[in-house]
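Pulled the feature table from Swiss-Prot, pasting it below:
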DNA_BIND  140-239  DNA-binding region
BINDING   D8, D9, D52  Mg(2+) binding site
DOMAIN    3-116  domain 'Response regulatory'
MOD_RES   D52  4-aspartylphosphate
Amino acid sequence: MQTIALVDDDRNILTSVSIALEREGYRVETYTDGASAVDGLIARPPQLAIFDIKMPRMDGMELLRRLRQKSDIPVIFLTSKDEEIDELFGLKMGADDFITKPFSQRLLVERVKAILRRASSREASAATGGTLKPTADQQARTLERGQLAMDQERHTCTWKGEPVTLTVTEFLILHSLAPAAGRGEKRDALMDAAYDEQVYVDDRTIDSHIKRLRKKFKLVDGDFDMIETLYGVGYRFAEAA
C-alpha cells in the first residue's frame, strides 16, 4: 500500500482529503504543521507528500527545503490564488505540482495518481541504468518541435537545450499543444489532455497554466513567444521559423 503524507493546519482539509485518498487505497499520514512533519517525513519517507504553504511553526517552503536535503519524493503544494511567486520558488526547490484552493477532491486524487505513475516510471528507468534500448512506444513518447524537446517517459522538457521544469499538468498541456504547431488547440482539448477523467475545470484554470508555462520558458529565453492566444478559441504553439 502506498503512503501519502498530508501536511496542513486546516483540520477540515486533513479529514476530507484523507477520506478521498483512503477510498482510493492509499495510506495517509497527517501532520498539522511543518515542524511536526519534517522528522517523520525524513525517517519514514512516503511515496508522495501534500503540503500547504502557509502553516504555523514551519511553512511548506521551509519544509520542502529541509526535505530535499534528504529525499526526492514527489510533493504537491496546496496554494492560495495570490501565491504565484511562491509557486515559482517552489518549483525551483523541487515541487512537482500545485493545486489552488478551493479545489476538487477528485482533481487532487487524479493529480496524485498521475504523479505516482510518473515516479514509478522514473524509478523503473533508473533501475535499468538507462541501458535498455528505447522501445518503439518510448520513441513515440519523444516529441521535438523546433527548439522544443519533450520526453514523456522521463518527464523532461528542454528549450534550446536548456531544461525547463514543468509540473505534471503543465507538461501534459504542452505535450498536447506542441504537436498541433501552427493549428491551435481548443481549451476543451487541453483540459482533456491534462486530466485523466471527467474532472471539472473552468477556462481560467487552463489560462493560469498557460501563463505559468510562458513565464517558465521566458526564464530560459527572454524572447520566448511561441505560445499564442487564439481569442475565443484556445492556444497555438507557433510554427518554427
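Numbers run from 1 along the shown chain.
Cβ atoms are placed via backbone N, Cα and C, with glycine included.
For each listed feature, how buried is it and what is near it?
Under DSSP, D9 (Mg(2+) binding site) is assigned to coil, being neither helix nor strand in the three-state scheme. Taking Cβ-Cβ distances under 8 Å and a sequence separation of 6 or more, the neighbours of D9 (Mg(2+) binding site) in its chain are T32, D33, D52, M55, P56.
Over all protein chains present, the Cβ of D52 (Mg(2+) binding site) has 23 other Cβ atoms lying within 10 Å. According to DSSP, D52 (Mg(2+) binding site) is assigned to a strand segment.
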Give the sequence-ordered list of residues that share a chain with D8 (Mg(2+) binding site), lie 6 or more positions from it, and have CB atoms under 8 Å from its CB.
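L14, V17, T30, T32, I50, F51, D52, M55, L78 - these are the non-local Cβ neighbours of D8 (Mg(2+) binding site), listed in sequence order.
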